[in-house]
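Notes for the one structure printed next.
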Amino acid sequence: MLNWQSSPLTGIGFLGMVIGGVLILGLILGIVTYLIYFERKIIGWMQLRIGPNRVGPFGLMQSIADVLKLLIKEDIVPENADRSLFLLAPIIAFVPSFMVLALIPFTATHVFTSNTQVGLLLYLALSSITILGIVLGGWASNNKYSLLGGMRSAAQMVSYEIPLGMSVIGVVLLTGSLNLNTIVVAQSRHIWYIIPQIVGFIIFMIAGLAELNRTPFDLPEAESELVAGYFTEYSGFRFAFFMLTEYVYVFALCALATTLFLGGWSGPFLPSWIWFAIKTSACIFFIFWVRATMPRIRGDQLMGFAWKVLIPVALANLIVTAGVALL
Amino acid sequence: MSTLRSEEMILNVGPQHPSTHGVFRLVVTIDGEEIVDADPVVGYLHRGTEKLAENLQYTQIIPYTDRLDYLASMINNYALVHAVEYALDLEIPERAEHLRIIVMELNRIASHLLFVGAYLLDLGAMSPFLYVFQERERIVQLFTEICGARLTYNYMRIGGVKWDAPPGWLQKVREFIPFMREKIRMYDDLISGNEIFLNRVKGTGVFTQEEAINHSLSGINLRSTGFNWDLRKNQPYGIYDRFDFDVVLGQKGDCFDRYWLHMLEMEQSLRIVEQAVEAIGDGLILGKVPKLIRVPAGEYYAGIEGARGELGVYIVSDGKDKPYRLKLRRPSFVNLQILRKLLIGQSMSNLIAILGAVDIVLGEVDG
């Protein structure tokens, strides 16, 4: 496998990078497309419905048809919107969601992804850029629903980033590295961190759900209260961007949970990428399952929960872990 | 330092909004997330039922009542025919009375079921809404067998009912009762203990008994404050006095009590259906009624306990075959009037929880 990080940049090396980047983009787009299909099917079954079954065999082409429909729709910009920001917002939200995927070690040999020493930190840093896109989208639409949705999102995501960040520090303390691949290797030698860091894992999943704006923390998109939240005014292609962002993050966060707590690509017998796929799918299934089960939490309770419960527990977990690591 | 300038924002919720259960518009003034004022705007579904009735013979009005509270059409049918029967002082055959009780209570269950589903949908839980349609479907199937319609039944007639129960129908109702009991337990397990749900509904949208009476609330909205008032008990009509059932009461008058009473009332309705199915005998389904119904000149009011409160029909007759004036006391419309009071001072995120629990059906609000 090409090791482009330590070798000097050449023409062929650059070409390899571009091809690799495009390949992984295509792969992720495929995964995300079927993630949406998967969600609709799972929730359909849980709700005693059939789910999509018209387009293609078993409705397999449904998501593709949906994306195509969105792509050929008219790109509407509201008259009173802040035009440049309105056009820019989906891109600001979308680009970081793909960038974080470059940091996830999908397999042992780390194909086409960057093996940086500060992978975890970079993930958290990049993912918070998305909030900017959402706030801008809500603001630039010049619509009350969008504005409220955007404000709610910003408050929620900023609040939940803190417990999310704290919950992973336990893992970092145990490994002594921010490199995601090193974390996986350390787990394959000893034990999956879900066992010593069970509290961290639970906080990570809860804060992750809130970070993803998913049920029961889907306030920013509360259909019944604000129609669609920050992307109310968006249509067609730009709406698809926001939609994709959400699902890419579902995949990315589950991939991160797998890497940090579930032993990443490590596992016996099967090839490493299959292990990775199994563990990530289990996480994703959990997120969809929650969506079919839970009502939505209220705004003030959401904030109270983050500041009064999650952060103190995460802090306590951090102190205990630090104590153990010291011994 | 100058204070931060803030201004109020007017937010228009509806008339086409996913959570207004129809075409209901609410103009909300908010200061940040706090509601300063809320102004319900109704009338988008107004069809002028009362005016139309003035040009219709009494029997012809029945199908129009189907369209008022379209989730409990049987009860609406009954409200009208009961008022006319009361005015004419008609004798109703026993079997017809029992059939009426069975279909009305089944319809009450179907209506309450839909409330539970729709309310949870308002609060962001999608699944219960789809689950309740399963049980409701069983009831709708029963109705289809007895009157041929799924939603607008047009089943009651002045002096009785239109169709007799087909063979085996009563047995199906008997089988439905234990099935439904089990399902109510399932919903109870799924919903009533959910922390998120309890956090959202407990203590929200509270009104006192006095406020409820001053706003002329009725039905579950009134009973949730602990006021014992159910027309089936307090002013028995039909043959309700023969059945053994309890009037379930809330204590706090909050959204949770209103949800909880819907669950409990379903069980009570099942009890009534159970007794009615056992007590029903053979006989006529339509009493002796003149071909052309002429209500003697005068004014008549008859109220019954609808699915949402006191459903009253007020007839002013000048002795002709058509009413001179027909006034419907539509409980949804009356109950809605307290909404503004409930919303002021609340957080925006409570809006839907409060509106949902008042349980309005727009067909009935707009008449």
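Every residue, even glycine, has its Cβ placed from backbone N, Cα and C.
What TrEMBL says about this one:
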TRANSMEM  A:12-37  transmembrane segment
TRANSMEM  A:85-108  transmembrane segment
TRANSMEM  A:120-141  transmembrane segment
TRANSMEM  A:162-184  transmembrane segment
TRANSMEM  A:190-210  transmembrane segment
TRANSMEM  A:247-267  transmembrane segment
TRANSMEM  A:273-293  transmembrane segment
TRANSMEM  A:305-326  transmembrane segment
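The stretches the transmembrane segment (A:190-210) and the transmembrane segment (A:85-108) are not in mutual contact, being linked by fewer than three Cβ pairs under 8 Å (pairs 6 or more apart in sequence). Scored on C-beta pairs under 8 angstroms, the neighbour of the transmembrane segment (A:85-108) with the top count among A:120-141, A:162-184, A:247-267 is A:120-141.
Counting residues 6+ beyond its ends, the transmembrane segment (A:162-184) has Cβ neighbours under 8 Å at 103-105, 110, 115-121, 123-124, 193, 196-197, 199-201, 203-204, 206-208, 211, 259-261, 263-266, 306, 310-311, 314-315, 317-318, 321-322, 325 in the same chain.
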